[in-house]
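Q: Attaching a single structure in structure tokens format; questions to follow.
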Amino acid sequence: MSLDIVILAAGQGTRMRSALPKVLHPVAGNSMLGHVVATARQLQPQGIHVVIGHGAERVRERLAADDLNFVLQAEQLGTGHAVAQALPALSAERVLILYGDVPLIEADTLRRLLAQVGPERLALLTVDLVDPSGYGRIVRDAAGRVVAIVEHKDASPEQRAICEGNTGILAVPGARLADWLGRLSNDNVQGEYYLTDVIAMAVADGLTIATEQPQDAMEVQGANDRLQLAQLERHYQSRVARRLMAQGVTLRDPARFDLRGEVEVGRDVLIDVNVILEGKVIIEDGVEIGPNCTIKDSTLRRGAQVKANSHLEGAELGEGADCGPFARLRPGAVLGAKAHVGNFVELKNAVLGEGAKAGHLSYLGDAEIGARTNIGAGTITCNYDGANKFRTVMGEDVFIGSNSALVAPVELGAGATTGAGSVITEDVPAGNLALGRGRQRNIEGWQRPTKQKK
């Protein structure tokens, strides 16, 4: 059966106390709405319709995509009114209603819900809670059939004692929706058009009301304030940690690991505490990541090591390569197999060949460095003249003396050597020693200056 999905994302979120629309607040590096959209796509609907209101343009700009239809709710008059704004775009046999501030809902849960929907059958996602305060209550008759949903503010004391709550997520037969929405009334405490009122209409029309529940109640937890947002974050990270450990990853402390994007992992990977992965990260078998590292949009090949306090973005470490501690690899940094980058070394758009080494205190930008080349401490590639960037090229087996400055554009042939403290401004032929510094002079009888008396 065909499917349209409507995502309600028009709320202001006043309790967030933020200029940012509520649905754009992040969980694990993605907006809450972004998570919901990603889950919706897994269901392969014919259309995804996002109802926006507060901060509409910011939401539209952030989530803009060819497969999303944005619908404006100019006035926030309730959930029923919000869905009604999308009606002209709905044509599928089933319509699924989701919420932009409920980011942890799982696609498998929604598939089970949708499996229960038919022309004469509507499906609700409900949840059993110890404290259902704030949730609409699922009212059933003596036979256990759902007959209505009563919002918390409108519920009687007896109804508030019900522990089965309405998550707001429901799937309905598309052919019935327009009629039900057209009959909604705002005669309630809030003065709003409640989507939940369609349940009583469906019962009156003789439809069966099916229910489904999530595996985990946190799937349907929304975020109305910063505390709830933090709770969603920690639950998401806990879920990710369990999945990674099941795939053969050792997390020294699962509570001190954050994924803010997506990761592919091999087996026997070790990740120490306070590691953050962002964007798309690929980690192959046997990789070790030390504590306090941030790795973004990078690939770590088999057996690579990232030592403590290193920051990688847009980088690649070859098999058996290592970097750190305190290394910074910026976009375009590539370490060949068994290459080594040590402490306080920064690479940007630089390639180190197999077995090349830059042990400490260096900046290597816009550089191509051949296999087995050794970069001495304090080496700088001077790649910027104030207007343009230039490349430095070193062949295989080059030896760069400590505290050398290589003024690009410059090329050093295979086996070339620079003396410590040299400023290299011209190409160095293969096998040559280049010295670019003043000759040392020793001055006998030198008297150090003394402080003048005041």
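Heads up, the Cβ atoms here are built off N, Cα and C, so glycines get one too.
The annotation active site, proton acceptor is assigned in Swiss-Prot to H360. What Swiss-Prot lists as UDP-N-acetyl-alpha-D-glucosamine binding site is 8-11, K22, Q73, 78-79, 99-101, G136, E151, N166, N224, R330, K348, Y363, N374, and the listing cites sequence analysis. For D101, N224, the entry in Swiss-Prot reads Mg(2+) binding site. The acetyl-CoA binding site annotation in Swiss-Prot covers A377, N383, Y384, S402, A420, R437. Annotated region 'Pyrophosphorylase' per Swiss-Prot: 1-226, in sequence order, evidence recorded as sequence analysis. According to Swiss-Prot, the feature region 'Linker' maps to 227-247. What Swiss-Prot lists as region 'N-acetyltransferase' is 248-454.
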Q: Indicate the candidate from L8, A377, A420 with the smallest number of other Cβ atoms within 10 Å of its Cβ, considering only these binding-site residues.
A: A420
Q: Mind checking which residues of the chain, 6+ beyond the ends of the region 'Linker' (227-247), have their Cβ under 8 Å from one of its Cβ atoms?
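A: For the region 'Linker' (227-247), the sequence-distant neighbours (Cβ-Cβ under 8 Å, at least 6 residues beyond its ends) are 16, 25, 27-28, 32, 103-104, 218, 221, 254-255, 257-259, 263, 265, 267, 271.
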Q: If I take the alpha carbons of N383 (acetyl-CoA binding site) and G78 (UDP-N-acetyl-alpha-D-glucosamine binding site), what is the distance between them in whole Å?
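A: On Cα coordinates alone, these residues lie 59 Å apart.
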Q: Between G100 (UDP-N-acetyl-alpha-D-glucosamine binding site) and A420 (acetyl-CoA binding site), how far is it from one CA atom to the other, in Å?
A: 60
Q: What is the interatomic distance between the Cα atoms of R437 (acetyl-CoA binding site) and G11 (UDP-N-acetyl-alpha-D-glucosamine binding site), given in whole Å?
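A: About 67 Å separate the Cα atoms of these two residues.
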Q: Using DSSP, how many residues of the region 'Linker' (227-247) fall into helix, strand and coil, respectively?
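A: Split into helix, strand and coil, the region 'Linker' (227-247) gives 20 helix, 0 strand, 1 coil.
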Q: Have a look at the binding-site residues (G78, G100) and report the one with the fewest Cβ neighbours inside 10 Å.
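A: Ranked by other Cβ atoms within 10 Å, the binding-site residues G78, G100 bottom out at G78.
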Q: Given the binding-site residues E151, N224, R330, N374, A377, Y384, which lie close to the residue listed as 'active site, proton acceptor', meaning Cα to Cα within 10 A?
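A: Within 10 Å of the residue listed as 'active site, proton acceptor': A377.
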Q: To what whole number does the mean pLDDT across the region 'Linker' (227-247) round?
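A: The average pLDDT of the model in the region 'Linker' (227-247) works out to 97.
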Q: If I take the alpha carbons of Y384 (acetyl-CoA binding site) and E151 (UDP-N-acetyl-alpha-D-glucosamine binding site), what is the distance between them in whole Å?
A: 64
Q: Specify the count of other C-beta atoms within 10 Å of the C-beta of Y384 (acetyl-CoA binding site).
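A: Excluding its own Cβ, Y384 (acetyl-CoA binding site) sees 12 Cβ atoms within 10 Å.
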Q: Using Cβ atoms only, which residues of the same chain lie under 8 Å from G11 (UDP-N-acetyl-alpha-D-glucosamine binding site) while being at least 6 residues apart in sequence?
A: K22, V23, G53, H54, Q76, G100, D101
Q: Using a 10 Å radius around its CB, how many other CB atoms surround E151 (UDP-N-acetyl-alpha-D-glucosamine binding site)?
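A: Excluding its own Cβ, the number within 10 Å is 19.
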